[in-house]
Amino acid sequence: MGIELLSGVLLLCILVSFALGAPVGFALGGIAMAVGYATWGEGIFNILPNTFEATLFSFILLAIPLYIYMGQLLTRSGIGDAMFNASQLVIGKVRGSLAISVIGVCSMIGAMVGIIGAGIMTSGSIALKPMLDRGYDKRLALGVIMAGGGLGILIPPSVPMIMFAASTQNSVGKMFIAALFPALLAIIVMVAYILISCKMNPDRAPLGTGAEAKMTPKEKARTLRDGFMSVLLIFAVLGSIISGIATPTESGAIGVVGAIILAFFFKRFRLGMFRMAGMETAMLVSVAMWIILGATLFSNFHLLMGVQDMIAGFTKDLGLPPLGVIILMQLVMLGLGFIIDEFIIVLMCAPLFTPIVVDLGFDPIWFGILMILNIEIAVQTPPYGFALFYLKGIAPPDVTMLDIYKSVTPFILLKLMVLVICMLNPDLVMWLPNKVMG
Amino acid sequence: MVKKIFISYCSWIDRLVRFIGKSVSVLMPLLAIVIAYEVGSRYLFNQPTIWAQDLALFFFAYLVGLGGAYAYQKKTHINVDILYLAVSPKTKRIFDVLTGILAAFFMFVLMMIAYEKFGEALQFNYRKMSNWAPHTHHFWMMLVISGALITLQISSNMVKDIYYVIAGQALISEPEEEDTEDGN
Amino acid sequence: AEHNWRFANLYSRGTAFGEVYGNMAENIEKMSGGRISVKMMYAGEGVSTTGILGAVKSGLITMGAHFQPMNAGELPAGIVEVGLPGGTADVAKLSVLFHEDGWNEVLTRAYGEQGLVYLDPYIQPPVYLLTKKPINSVADFEGLKLRAPGAYGKFVRNLGASPVSMTWSEIYTGLATGVIDGSIGSNLIDHRDGNHVEVAKYMYRLPLAGAQVLPVVVNQKAWNKLPDDLKAIVKAATTIHAREQMTKSRLWEAEAIADMEAKGMKWSPEPSEADKAAWKKAGESLWDEYAKADKFSAELIEILKKQQ
Ligand code: NA
Ligand code: NA
């Protein structure tokens, strides 16, 4: 069977099993093993040990349990609420202000974590409930989490950026700095969208129950203090990374310890709460990781069959204008997001595409930033995307996949806009790094 | 009579899976403690451990593997529910049986291969590459057990689903035991 | 083709090293007149870098170029083979060790026991240590936190440093923020590719092991299916590959040094004779420890000691 036909068969199997409502991770693993058995024979089963070992022994992925645990502890002890209560006290009169505070919190989480899964699931753990509790439109709330959580790989530190720089021999530091303007642009665009959309549809973001207005000055002071303390935790975690106490992955454990200390400080620590936070985290982590296991198995099988040759082959001799080549590459990466995770996209496409781009006279760092913006979109584009599944995992049970698909659409368009702006104006990306690092 | 056997089979499996699923969640705080200990030991006392990274990863793997069956039981594994939510309860059960077969096949392969790896790890004394060099055979056995638990849970679900499709009523009347304690 | 092989290596598609392995695959196809087809699998393409050895054992991948320290727990002799700290840089000596003194024979058994055929080894440039502060004497290692896995961890501990386990993608951030004071890389080219010089400037002049010796391995069952003429062709292609590795990797190492120096890399001061002796001693004391680890390692180290 040719690779084109095989890819078609695999896609069809995905669509059918998804339509039947199969659990994503198990379906992907099952399809890979079944189609593999039919085309390759029993030998394909040997793909399992390496996939399981490499995934479950990946230190980078420990950010997922640690940060989700921190998020769960903050939420279940009510400390997460303190943060948003305080923000409502300050900017509560602006429609959509809570969503804007959430973007702010997501940006800070983005500055702590370096992978998409940790970004979205942590942001979701902390910030989804406060928005839903205050009667925010479900889709707006979910979209904000998805968009904000994606900042995890756009704001440094970022594992995909480190991988891009390494596989194309470019400066990590320069790339981190180059990402700052696109990240800022993405944040501004999202905030603007929230403000405008809430102005046009006031129902999406109710203005609060007025609880803040009825507070006595003493209660207000207390709310502000609590909010301040919880923001302090986030700064402590950030500080532990910046000051060299812990790596971005390890800092999640600092966050966990900090959240427990805060819970004691707020007199909110209960053994039951602690136990439930552990259980909920364990469940979320298991669910997320079985998706990663199944999907990795699936993409490993597809790669062993040679899907990468399809991509390697097509970029040669296209006869397109330079910008056309760049656009085509973006489309290919968006397409790859359909089946392959963010790390493999970088690992595969960075060394393949970057030399071509450099030959055409473009800056490799700029192209790397486009790639990061691109995979951020690719992993949240329906029907198949890790970010979508992570978000469903963290959302309340009554949220359906259709809700999620619909919720991400406007934010995907916004991110596409950021991508296009950065693509057409390389100077916007490169001005700061060139100024700082020459 | 047959119904009784089905009921006891299903509730026995459900209880076992629930017990193990809840038990492994204790690894979550332990995982955080191990990493925090490593950070403290390295930063404060300049004595990085040789075991923290491997131990944390083992905790992580056990948590993911052994927690999988309980997540299956609670139906928290993510699915794309667009068509699924639109069909009748009976059709849903049929869908579940079909996708259960696919998942069970995956788990069957996992058990078979992980068991082979377990034997290989024992024979050649496989360890992790670190200085601490812990054994890895238990990791493979854990995967065999995880696969078995998930398969058992799938079988329990299937018995319930097929009974529902044939008899038109639930085998075990819901609601089942639920955790409500959240400490607040 | 009569034989359809997959060949996995550690490097990404499009990288210089990746191309050398790609050339070997092409050579096997060309020299066998297309009777063996070899599909090249680059980094991340279906098997993780740590899993190459296991994948060849099981036959998922027919042929592999793995990096032994990543599989130290599966095949301990590999860590002696690649070159323990304190090992020689002399290519002629290494050649004698492998081809005449009996290392090839021991390694053939060690790999053979696990269902692998051991083909001719090839040489890559040695491991170096990069630090944030200059190392003026060996005493400066005292108390430093250095990212150094496996055997290298034991080595730096002998120098008074604390080995830290850290995954590759966190080295850059770890050096930048000061979680670690220095890191070893699998060679100088690796340091360059990881951009580590941006955040740690000082390269120590003494390599941890003189040179690194890596093998190409083939799945036993697939090998046995080859007729003798094809076996000879694969072996010939391996020899050509070894030569290309040697010449090109020297060149690339020089390029990597130039690149890093342009980005501000500095060499720590020339170590004194006493420093050199302390460095060598830190390495040699490991030999006995590794000899105890497994029977093949013991055989290799016994031969090594005789050669000295
Ligand atoms: Na980040
Ligand atoms: Na997608």
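Every residue gets a Cβ built from N, Cα and C, even glycine.
Residues or ranges marked as domain 'Tripartite ATP-independent periplasmic transporters DctQ component' by TrEMBL: B:31-161. Among the features that TrEMBL reports, transmembrane segment is placed at B:20-39, B:51-72, B:93-115, B:135-154.
Counting residue by residue with DSSP, the domain 'Tripartite ATP-independent periplasmic transporters DctQ component' (B:31-161) contains 101 helix, 3 strand, 27 coil. Only residues 6 or more beyond the boundaries of the transmembrane segment (B:51-72), in the same chain, are considered here, and those with a CB under 8 A from a CB of the stretch are 17-18, 20-22, 24-25, 27-28, 30-31, 34-35, 37-38, 41, 103, 128, 130, 132, 134, 139, 142-143, 145-146, 149-150, 152-154, 157. Residues 48-49, 52-53, 55-56, 59-60, 62-63, 66-67, 69-71, 73, 149 of the same chain lie 6 or more positions beyond the ends of the transmembrane segment (B:20-39) yet place their CB under 8 Å from a CB of it. For the domain 'Tripartite ATP-independent periplasmic transporters DctQ component' (B:31-161), the model gives a mean pLDDT of 96.
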